[in-house]
Amino acid sequence: MKNFLFPLIAVLLWSMNAIVNKAASTAIDPAAISFYRWALALVVMTPFVLRSVLRNRKVVMQHWWQLAILGALGMMLYQSLAYYAAHSVSATFMGIMNSLIPLLTVVISIFVLRVIPTVGIVVGSALSLLGLLWLVSQGNPASMLSNGLGQGELMMLIASAAYALYGVLTKRWAIQLSSWDSLYVQIFFGLILLTPNFLFAKDVTLNNDNIGLVIFAGIAASIVAPALWIQGVMRLGANTTSIFMNLAPVFTAIIAIFALGEELRSYHLIGGGIVLLGVMLAQQLRTPLTQAFGRKKKALQEDME
């Protein structure tokens, strides 16, 4: 039973990080917290990881461009866009959008890894799209025709897709480095890519109002949560552990209500519920689409005979 605590606490910390994203929108420039967060994570990890990275420098040099791309997707695009999006969308919305990442990962895998689509992917994608439309339109999908997708919503969609692609490429390239060595080098490249935006930011001052947010994002969300998640995968397996991600929007919504005073509206419940149902169906209905059609075709032929 205690093994379930590893992914559970990891998801709780990541859910709390969505609250940090929203709180940071009024306390610190997005470019500043993006840079400080990963700089802090790199400094904290260095005494524990640098020696191993140096031992494996040949592998790092061989795959530097792949590690740089992963750093751009996971450390620069995903988190930076979330910080910018937090200026116009709620923490609850961000939590629901993050819950789409497992489904987006599977969809992207169809094109990048040539994974055969399943019944769950097709049905789940359709449902999640419907839920997303309901959520973004605040319960009035027809308004999307005139208003379109808001900037914050679009940023979160791109951020989620970037992290999904990050997961797919990580699996495809399968770089022969430990999880921590790989993460360390990715953070290094991510920091390089974040530096120009940081240098041109208007205000990068750290003060009593924002330093706690940076510390939580840089240590709890960037180091502690991944460590717990990795332990969960090792003890429970990837499939079982991934199910816990479905709790993220629930945790985020509950924390946002009490910590930020956000209101949980009906369109959050309906749209978020449909999105979550779509993700769960994609995880559970694993019959290949070709096999399902084959069975149906065979059944029709037998009926005709």
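Counting starts with 1 at the first residue shown.
Glycine is no exception: its Cβ is also placed from the backbone N, Cα and C atoms.
According to TrEMBL, the features are:
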type	residues	note
DOMAIN	5-136	domain 'EamA'
TRANSMEM	35-54	transmembrane segment
TRANSMEM	66-86	transmembrane segment
TRANSMEM	92-112	transmembrane segment
TRANSMEM	119-137	transmembrane segment
TRANSMEM	149-169	transmembrane segment
DOMAIN	152-281	domain 'EamA'
TRANSMEM	181-199	transmembrane segment
TRANSMEM	211-230	transmembrane segment
TRANSMEM	242-261	transmembrane segment
TRANSMEM	267-285	transmembrane segment
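Residues of the same chain lying 6 or more positions beyond the ends of the transmembrane segment (149-169) and with a Cβ under 8 Å from any Cβ of it are 66, 69-70, 73-74, 77-79, 81-82, 84-89, 93-94, 97-98, 100-102, 104-105, 107-109, 112-113, 136. Among residues of the same chain six or more beyond the transmembrane segment (267-285), those with a C-beta under 8 A of the stretch's C-beta atoms are 92-93, 96, 99-100, 102-103, 106, 118-121, 123-139, 239, 242-243, 246, 249, 253. Mapped onto DSSP helix, strand and coil, the domain 'EamA' (5-136) counts 112 helix, 1 strand, 19 coil. DSSP places the residues of the domain 'EamA' (152-281) in helix, strand and coil in these numbers: 107 helix, 0 strand, 23 coil.
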